[in-house]
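Scroll down for the structure; my scribbles are underneath it.
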Amino acid sequence: MPTSPFIDDLIRDRRAKRGFLDQPVSIEMVKDILSAAKYAPSSSNTQPWRCYVITGEARERITTAAVEAYRAAPEGLPPEYPFFPQPLHEPYATRFNSFRGQLGDALGIPRSDITLRRRDVERQFRFFDAPVGLIFTMDRRLEWASFICYGCFLQNIMLAAKGRGLDTCTQVFWSMQHPVLRTELNLPDDQMVVAGMSLGWADNSLPENQMSISKMELEEFTTFVHE
């Protein structure tokens, strides 16, 4: 049977990394990653994605503004779109709570420690110290199908980065920073902030980057229909 072990390994090895080394990533490498990712499928070739590459002084300015905005409103600004239903129902609530507990244990943050939890959120808005931050926007007049297309584009970026030895963390939290990003990036009103992404060389010595995340077995999410 034909196999593609390289692609399969990239998919299995990709993980969200929440801490990066102080090691630069060349703009040429970022361009190569995005140039490969643009071949993602999209409905009727609509290609709804738009990407902002944040580095250098701009990265420092934007992350500082984002952290300051979060400190001014630590309960969080309304995101451009809802992340989860409230309350989150089963089986998703169990999976969510299991992951958050595992991450909290790796970070050494008890759920009751609001100060440390907020400090961890601030790390999100510093792109987890990655040298490159990506911000993704989409025309808000588009409908739900475009989010499916966007997911394909984001996955392509993650895999293209992984194939070059880099790692990523996709962060929907950046959607809550749309006022800051609208100002800093001069975003038009018709562009909604979909997500951000940290891109760099992972610091795999960090406990949070050594987590083993369980996935459903094939039989749990697949139904084979023969007749």
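Numbering starts at 1 and runs along the chain as displayed.
Using the three backbone atoms N, Cα and C, a Cβ is placed for every residue, glycine included.
Here is what Swiss-Prot records for this protein:
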BINDING   ARG14, ARG15, ALA16, LYS17, ARG18, VAL172, PHE173, LYS215  FMN binding site
BINDING   SER44, ILE109  NADP(+) binding site
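Look at VAL172 (FMN binding site): DSSP puts it in a helix. The distance from the Cα of ILE109 (NADP(+) binding site) to the Cα of ARG18 (FMN binding site) comes to 14 Å. Counting only residues at least six positions away in the same chain, the Cβ atoms of MET158, LEU159, LYS162, ASP167, THR168 sit under 8 Å from the Cβ of ARG14 (FMN binding site). A separation of roughly 33 Å, to the nearest angstrom, links the Cα atoms of LYS17 (FMN binding site) and SER44 (NADP(+) binding site). It is 35 Å from the Cα atom of ARG18 (FMN binding site) to that of SER44 (NADP(+) binding site).
Listed in sequence order, the residues of the same chain lying 6 or more apart from ALA16 (FMN binding site) and placing their CB within less than 8 Å of its CB are THR168, CYS169, THR170. Take ARG14, ARG15, ALA16, LYS17, ARG18, VAL172, PHE173, LYS215, the residues named in the record as contacts for FMN: the widest Cα to Cα gap among them comes to 23 Å. Long-range Cβ proximity for ARG15 (FMN binding site), meaning a same-chain Cβ under 8 A and a gap of 6 or more residues, is found for ASP167, ASN209, MET211, ILE213. Between the CA atoms of PHE173 (FMN binding site) and SER44 (NADP(+) binding site) there is a gap of 29 Å, rounded to the nearest whole number. On the backbone, the CA of LYS215 (FMN binding site) and the CA of SER44 (NADP(+) binding site) stand 32 Å apart. For the recorded site, ALA16 (FMN binding site), the DSSP three-state label reads strand. Counting only the Cα atoms, the space from VAL172 (FMN binding site) to SER44 (NADP(+) binding site) is about 26 angstrom. Note on the binding-site residues LYS17, ARG18, LYS215: the fewest other CB atoms within 10 A surround the CB of LYS215.
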